[in-house]
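Annotated features in TrEMBL:
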- Thr13, Ala14, Asn15, Gly157, Gly158, Thr159, Glu205, Glu206, Ile207, Lys208, Gly287, Gly288, Ala289, Leu290: ATP binding site (BINDING)
Amino acid sequence: MVFSKRIGIDLGTANVLVYVKGRGIVIKEPSVVAVSTKDGSIKAVGAEARDMLGRTPETIEVVRPMKDGVIADYVITEEMLRHFIGKAAGRFSLGGPEVMVCVPGGVTTVEMRAVRDAALNAGAKHAWLIREPLAAALGAGIPVSAPSGNMVIDIGGGTTEVAVISLNGIVVGNSVRLGGNHIDEEIMNYMKRSYGLIIGDRTAEEIKIEIGSAVPLPEEEKKTMNVKGRDQVTGLPRTVTVTSDEITEAIAEPLDSIVNAVLVVLEETPPELMSDIIDKGMVLAGGGALLRGMDKLLAERTGIPCCIAENPLDCVAIGTGMALEHLDVLRDSLIED
Ligand SMILES: Nc1ncnc2c1ncn2[C@@H]1O[C@H](COP(=O)(O)OP(=O)(O)OP(=O)(O)O)[C@@H](O)[C@H]1O
């Protein structure tokens, strides 16, 4: 008997991850597509397309079809999904694979339909959707089926998802269109404002990862970094040295909004579940969980202990795969085709 393949997809603003049962994460590539400006044909997808960024002739445009956690370009997203599903399922898959795609907790019904249709048009036999915080919680190994409150905060590239989960469902949730990309933007703004230096988003991300911190670092851990950019006035290359403290200040605003999104959920959490969360703490997932001191900032501002999931960048993809194995119990929490 031939089983169709089961594939879990984390369709992220920054990265697409594909999980196949028994093989783990088989694809991890940036959500970037290179398109011909002449006829709209797809020239490259994923890492290959990302490498073309800023290096294309007029005939090719490199786009990110997902923006702020939702589909910004439906046609290109579908092509991107088709490419990744084909790559993961291989040519032996009969009748197309069964696919679980995760969507941000705050997407509208129209947006959900668009993702589901994109998966079906891209060759899936069945397509289920799972809300991102639930997938993140599953992937982080949180016992979501227990009658007990679990809080998960998933900070991605374009969105932050906060949810309290109990009995396989989201009891209270909040989704804000704010994530790592906005933190990078604040770093770009800061460099321009304070030093008249123009930097690109990849440099801003490097600064964030190398010396960024959500809270001021202790004296012995403070860092500096030489940043290369273009002088705003002369247009010539220039290097400036920035400190971790400067970056902490520069990114305070978006981090504050993330903390507020968490506080809103805590305010709405029923007392019984709140008491479970105080005992167990909150779990941080998504790439933003890796920002230095993010767990500390959240713990300080909420008074609740905070820990980082084991594989914060892979949690959601692993969770989509796990959801396919537990369709029976999760069915009520999924959106089905
Ligand atoms: N070490 C790190 N420190 C700080 N931020 C990091 C680190 N590693 C990755 N990130 C950030 O994590 C973000 C990507 O996270 P992730 O892959 O979870 O997002 P996504 O799932 O693609 O986005 P979304 O959930 O919004 O659709 C990027 O903004 C990236 O800069």
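Yeah, the Cβs are placed from backbone N, Cα and C, and that goes for glycine too.
Curation plays no part in TrEMBL annotations; they are all automatic predictions.
Annotated features taken from TrEMBL, shown on the structure.
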residue	record	DSSP class
Thr13	ATP binding site	coil
Gly158	ATP binding site	coil
Glu205	ATP binding site	helix
Gly287	ATP binding site	helix
For Ala289 (ATP binding site), write down the residues of its own chain that are at least 6 apart in sequence and whose Cβ falls under 8 Å from its Cβ; none is a fine answer.
Ile153, Asp154, Ile155, Asp295, Ile308, Ala309, Pro312
Between all pairs in Thr13, Ala14, Asn15, Gly157, Gly158, Thr159, Glu205, Glu206, Ile207, Lys208, Gly287, Gly288, Ala289, Leu290 (listed as ATP binders), what's the biggest Cα distance, rounded to the nearest Å?
20
Count the Cβ atoms, other than its own, that fall within 10 Å of the Cβ of Gly287 (ATP binding site), considering every protein chain shown.
19
Give the number of CB atoms, excluding that of Asn15 (ATP binding site) itself, located within 10 Å of its CB.
21
